[in-house]
Each structure stands twice: as structure tokens, then as C-alpha cells.
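Trainee: From TrEMBL, here are the annotated features:
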{"type": "TRANSMEM", "residues": "B:106-127", "note": "transmembrane segment"}
{"type": "TRANSMEM", "residues": "B:139-160", "note": "transmembrane segment"}
{"type": "TRANSMEM", "residues": "B:166-186", "note": "transmembrane segment"}
{"type": "TRANSMEM", "residues": "B:284-303", "note": "transmembrane segment"}
{"type": "TRANSMEM", "residues": "B:334-352", "note": "transmembrane segment"}
{"type": "TRANSMEM", "residues": "B:399-416", "note": "transmembrane segment"}
{"type": "ACT_SITE", "residues": "B:H417", "note": "active site"}
{"type": "TRANSMEM", "residues": "B:428-448", "note": "transmembrane segment"}
{"type": "TRANSMEM", "residues": "B:460-478", "note": "transmembrane segment"}
Number of protein chains: 2
Amino acid sequence: MGAKLEDNSLRYRRAQSVTKAEEITEKEKKARRLQLDRPCHKPRDSLFSWSSEFTDFTGLVNWGFLMLTIGGLRLCLENFLKYGIRVNPIEWIILLTGYNEGNSDQYPSIVLLIYSVVPAVTSLLIEKAMAVDILSEKIGVVLQILNILSTISLPVLVHNFSSQEFSFVGITTVCTIYLILFLKLWSYVQTNHWCRNGSKGKHVKNTMRRQSLSAPNWNQLVNADSDQTAESEKDDDLVTGIVSYPDNINLRDLFYFLLAPTLCYELNFPRTTRIRKRFLIKRIVEVIFGINLIMALFQQWMIPSVTNAMDPFSKMDYIRIAERLLKLAVPNHFIWLCFFYLSFHSFLNLVGEVMHFADRNFYNDWWNARNIAVFWSTWNMPVHMWAARHVYVPITEMGYTKGVASIVVFFISAFFHEYLVSVPLQMFRIWAFLGMMAQPPLSVISRFIGKRFGARWGNIIVWSSLILGQPLAIMMYYHDYALAHYK
Amino acid sequence: MGAKLEDNSLRYRRAQSVTKAEEITEKEKKARRLQLDRPCHKPRDSLFSWSSEFTDFTGLVNWGFLMLTIGGLRLCLENFLKYGIRVNPIEWIILLTGYNEGNSDQYPSIVLLIYSVVPAVTSLLIEKAMAVDILSEKIGVVLQILNILSTISLPVLVHNFSSQEFSFVGITTVCTIYLILFLKLWSYVQTNHWCRNGSKGKHVKNTMRRQSLSAPNWNQLVNADSDQTAESEKDDDLVTGIVSYPDNINLRDLFYFLLAPTLCYELNFPRTTRIRKRFLIKRIVEVIFGINLIMALFQQWMIPSVTNAMDPFSKMDYIRIAERLLKLAVPNHFIWLCFFYLSFHSFLNLVGEVMHFADRNFYNDWWNARNIAVFWSTWNMPVHMWAARHVYVPITEMGYTKGVASIVVFFISAFFHEYLVSVPLQMFRIWAFLGMMAQPPLSVISRFIGKRFGARWGNIIVWSSLILGQPLAIMMYYHDYALAHYK
């Protein structure tokens, strides 16, 4: 209590002294102006003093980006001086085709990619059979689930039996494509299921209405009305070109969905009326340039950094590990940013333009994300929309809480991250899985920090986890991979 | 003309296609909402597309500063891993006292620092003699100029005759103090000169007025009036405590000016009423901590960087020189920023607080400077005010253009930069002089860029010249110094 009083009196005195320090009476000012010595001083505070209330530090933002540019330029020069030019397009071709690795007469990756049409068509056939009532709903759904599960298992099985014949890039591509196919077929089957249930629901409603009302005249009226509604709906569909279930169950519609840049099936995608040629050319140039840039950066910058980081990692020398991780973080983050732009802006917009697909919401402004949950729901919109529509909402509709639904979404996401890493590397570690499962608790922490210290600090946590989390995971996998293969 | 038309039509078409891509009729929307397949797509553009008009990239500023922090942390770790801990306070003491360098029984630096009182008192005596009319104006001014010139020449002469007895830090301090003394005495003499001329001017006016009017009554009236004015002025002075010439010509006033944190003399400095103890303690802590930080950074980071840069510099290997310069730029810039804060905020505010000096305008917001001219007129306010008041304005008043006055200011500034570097190093290169003389043309370029591309780019030019110009100059001097001493 006494201390508080003292503190208050101190504050009061300080405030007073500042006022006095800056004050000079009008009379004195006037008198000073009449002097012959050309006075040039007047009472004022330095800008860094809290009493000056100066807050314009916009130049420091320019300073920050200039320092980053200079640092980047130096890293670039240092890299070239240390390693020379390592970019070698011939190596890329070898890496991409898998030439020189195992039997070059067989291309199992390409065979598997072509085979991916089979589960898709199977799914279509089962849907068709259900639509025309050849298959019962129950058997159809079971068959669909089996088909989808076999889709995701196929690359694992094939790769396990003949791993020598796959190139690393080949099996990664196969896994990615089969994962996308898995998500798309899930969406296709579930959406068609909704449509079937929906039209049945309408029918049930009509039946119930008919049962609950006893007056026969009224019944006829209602029937006539509902018939008219159905007819007018049909008319509307013809006018606007809207497709209704089961008219959508055909090859053309399925393949449009499989090629469209989205994971969520719907019967009537928003379409553009024409292809903007300039836009298309820009995206094509970006894709070609971007792929080359990423491969060059990888060879020139990433591989030496990862290799250099191995030694301290296996010796568990923590200070050196930290130094190497920070060194690795820069090229990794830079490549990730390039990869993000290349895939989510250039490539998906290119596909969307070619397919006349009008919804280009492939990413949101994740760079402003104020916590980690916001980041995960903004950086990859196709997956986010899929997870929300086909996992999160159905689970909450089943009566579970939002928390449970979120955990399930992160669990599935963690599983597929692990899938994409473990299958190509043939190492069933759980680093990627754990990395994803660490996101919900991290999200709680970042939300707390964002609320406690302001949105800026939440955003900084998001960026930090992005910049530092990835190289950590990469180092752990590379360490285990090197241990398994070179020891 | 044809090309322009085509361009316009292209633009028109593109704008149209975007509108169409985003437009969907109300009817279609309504129809879509009634669908059973839970549609989740709608026509929209990606955020990076120019047509999305999205501009919120505030998160990238956080990203920038986070990357800088991470880069700085890594540099710090790398430095410790590479060089170990090099900070050694005993070396500082040796460096500061000049112990171990030459004859340690004599301390010529300290003798010279004490001797600096002599030219100051000489200047006071000459002023006094002129004020009481013992010396004529002409002889007095000549004596003052001789006194000032001898002040600035003294360290050069003494150092030339007995350079072995000076430590490097000692002679640098002596040169700095004598340079400040030179500027202060110049201001002291010139301001007193203005006051003398001013009071004479008043007298002349009165005389002329008396001559031009012939009516004796009116004359008496005017005389009485002017006497009254003089008396009332005297009264005002007594009330407000304002000192007039020649009451200011005394030791107390001169020493206050010599110790005050300004280079511009005036008869009545604005004063604070009390010393703020907390403010004083903060500044003292900052000064002590800052000196230690700068010396530690210098030993740990700067010296290894400079030494490492020597080899490529002497071999004229341009790519390596560029890499080394960029590497050197970071510690140099960081130390310069610390030095700036330490001297211009902490130290000068400390002195100002102790001296009850109220004008703390030691620096302005140079970090926002939109071109190099603005930077030079904001970063060092004492020198800027001195140059404006005692060189620039007098020259323009003599009828010369502003351009000429600016060139003269930069010439004097360049001379003293060279003085501060060449005398301690005993190497009369002209790198510092050329560096300063390059500022006016650079200023024109940066002003052009600022006008052409916006203030942001002008500011970036300012920062670049600051970050890259200094290490270049340092390397050139160090290179020449090493060549002269170690070959």
C-alpha cells in the first residue's frame, strides 16, 4: 500500500517535471525572439524519449526488407562460392523418370497412374447401379467404401512388393494422385448419397403430409400442387441448365470432377464462359519457370544444407543442431513459399482456367493468420473445404461437439501427411503424424498468445511454427533415412 | 495508333470476361441453393490475381522481422561456433589507456585534452577586449581566426612530431574533442560578432532618425521614446532573466556553452528547472551498457569480419569482395545503430539533463528520410544546426545561391570527416573526403528516384547507402592501413 502510494507520487512528480521542462512562458519566448544572437534552441524532447510521443517508424519496415535482401544476396554469393554451380538438368531427368534406378524397362509409376481410372469408373458403375435400383443402398455403400479403401491401399501394396522399380519422385507422385483420388471419390459417393436421401426425403414428406390430412379434396389439391412444383422445377432446370440427380451419373461428369481443381463434388459447378488467354499464358509461364526454380534451389541450396546438418545431428550436439536448423530454415522456407505459389496460385489457376472452373478460392490470406487454427483453415482451401463438408459437418450433425469434429479432422490430416511421407521413404516413423497432431495444442497456445499480447504475436507464432517446424521434421526424417541406408 | 486501339479492345474484352466469370444470375443462385448436393463452390478469383483487388499483406511485415531475427540468431550462433568467445575486457583497458604502446610514462592525449582549455580562454579574453574596446574589431577578428585555426591544427602537429606516444583511441578522442572545440569557438565568436554589429546597427538607426528629422521638439520626443524603450528592455531582461551582450562575456557562460550538448552558441539557452532522476539513471545505465556492448560487438564480430575480408580485397577478387562486404555490412551497420543510439540519445541526453539544457533535439526521424539530403539534415542535429546557422545562412545572406551554400557545407563536412580518420591513422588518403563529396550527387539521384518511384524507394536508397557505403569505406582504409603497416 505504502509502495503504491510512493509510486503514484513519483509518477505525479515526473509528469510535472516534464511539463516544466517543455514549458517556457509566452513572455520569455517574445523576449528571446528580440535577441541579436539569432537563437536556434528551444525546449523539446528527443524522439526516443517516451515524453516525445513520436511513433512514426515506417522507414524501419523498408530497413527490414532491405536487410533481408542484403542477407539473401550474401547467402546466395556465399553458396556459389562454397559449392559452385550444382544445378544440373540431366540429374532432374534421371530423378523424374527413375532412369538408372532398377529396371528401366518397366515404369510401374506410370502404370499405376493410368490404372487410377479403374477405381474411378468402378465407383461410377456402383453409383449408376444404385441409381437405377439394381443394387440396394446398403450393399452399394459397402462396395463404395471397399473401392475407396482399396484405392488408397494400392500404392502401399505395390510399392512394398516391388520397391526397387520405383523412382522416389515416381512413387511420391503416385501416392499424391491416389490420395487426391481417394478424397475425390469419397466426396463423389457422399454427395450422391445426400442426393438420393434428399429425393427420398421429399417423397417421405409428401407421404407424411398425405397421411396426416384426411380431407380427400385437400389431398388432391396438395398432390396437384406438388406435381406442379416438380414440373416447374424441371422447367427451371431446363432454363438455367441445372443438372439434377440422377442425371449427373455419367462418365463426362465424373471426369470433369476428377480433373477440376477441387476435392468437393457437386452436381453443378460454377463455370466461366471463356478462357482468358493472357491469364492462361501467364500461369503456364509461371508453372514452367516455377518448377525449374524450385528444382534449382533444391539442388543448389537445400541438399548441401541438409547434408551439412547431418553430422551434428547424429552427434546430438545441440548448439550446432540449432545453428544448422536455422541455416536450413531459410532455403526450406523459401522453397516452401515458391512451392505454395506455384501449386496453389499458378498450377490450380491454370487447371481452373482450362476447365472453365469459376471458383478459384484455392487459398485465403493465411499470411495474416492470427493463430494456427486460422492458418490451417486458410492456406489449403480445397482440403479445408473437403474436410469441413465431408468430415466436420457430418460429425457435428451426428450430434458430436465441434471439438471432437476438429480432432477427427486433424487426425485424418495427420494420417495422410504420414502416408505421403512414409510410403515413398518406406520408413514408418511417426514424425509427420506427430507434427500434425501437435497442431491442435499449438493452436490453443497461439490463440491464447494472440488474445493476451495482440493479433501480431499470434501471427508471429504462426510464422515461427512454419519456418522452424518444417526443417525440424525434414531433419528428423533425413537423419533416420540416412541411418537406415548409409550405415 | 492501331496497336493502341488493339490494346484498348483487349483490355475491354478482358474486363468483360472477368465480369462474366464472376457473375451468375440471381435465378441461377436461387436454383443452386435448392439443390440437394450441398454446393460449396461459388465463382471467385484467387487473392493473388489482380482482379481480386486484395491488398492486405500486413502479416508479411511480421514475417520480415521474424526472418531477420532468425537470421541474426543464426549469425550469432555461427560466430560463437567459429571464433569462440573473443570478448576480453583487459584488452579494452590496454586499448583505452594506450598502455603497452610506446612510452607509458607520458600521456600526451590527456595533456592535450587538458590544454584544450587554453584556446577557449584565449577566445574569451579576445572577446572581452573587443567588448570593452581595448582591441579594435578588425584586429580582434583576425586574432580569433588565428586562435581557432591553431586549435584545429594542434593535434595534427603534436601527433606528427610524437606519434609513437599516442594510443589510437587517445588520438581519436583528442581529434574529436578539438574538432568540437573548433566548431564551438567558431559559433561563439560569430554570435558575439552578430551581437556587436546588432547593437551598433541600433545605434546607427537612432542616429539616422535624428538626422532626418529637423524639429527639435520631435527629436526630444524620439530620444525620450528610445531611452524609454531601452529602459523597458532592461526591465524586461531583469524580469525574465535574459542576458544581453556584453554581459555574457564571462568564464561561467563560456564553460556552460563548452559543456552543453550543442555546437551553436547563444546568450540565453533554454533551461530545465530540475534534473529528472529516473531519466538520468536510465541514461547512465544505457551509456555504461552501450559502451560495453559496442566494444564486445567490435571484438567478437567486427574484427574477425574485417580480417577475413582482407585477403580477397588485396587479390581484387570482385565476387569474394562483394560477399565479404555484405558479410561485413551486417555487424558494421548494427554497431553503427548502437553507436547512434548511445551517443545521440543516451549520452547527449545525459549531458543535457546534468546541464539543465532543455533542447534535446539531437536527432530527427532520419530513419524515414525520403532522400539523402533529408538524411544528412536529420541524423546529426547539432552539426546540422551549426552548419545551417554558421555557414549556410551567412553564405546565402552574402548573396550566393542555395546550391553554392550546400556545396560549401558538404565541403567543410567532408574535410572534417577526413580529418577525423586521417590524423589518427596517419594516412592521408581521401576516401572519407570523397565519400562525403559523393553525397550531393547521390542526393540528387535519390531525390529523383524518390519523385519518380515514390518516397519508399528514396528511403530505400538512403538505407542502402548507409548499410553499404560504410563497410566499403572501412575496407578501403583497413586495406591501405594493413598494406602500410604489415608489408
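Every residue, even glycine, has its Cβ placed from backbone N, Cα and C.
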Trainee: Report yes or no: does the transmembrane segment (B:106-127) come within contact of the transmembrane segment (B:460-478), defined as 3 or more CB pairs under 8 Å with a sequence separation of 6 or more?
Mentor: no
Trainee: Using Cβ-Cβ distances, find the residues under 8 Å from B:H417 (active site) that belong to the same chain and are at least 6 apart in sequence, listing them in sequence order.
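Mentor: Non-local contacts for B:H417 (active site): B:A432, B:F433, B:G435, B:M436.
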Trainee: Is the count of Cβ pairs under 8 Å between the transmembrane segment (B:166-186) and the transmembrane segment (B:284-303), pairs 6 or more apart in sequence, 3 or more?
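Mentor: Contact absent: fewer than 3 Cβ pairs fall under 8 Å.
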Trainee: Is the transmembrane segment (B:399-416) packed against any residues at least 6 beyond its ends, judged by a Cβ distance under 8 Å, and which are they?
Mentor: 179, 383, 387, 391-393, 432-437, 439-440
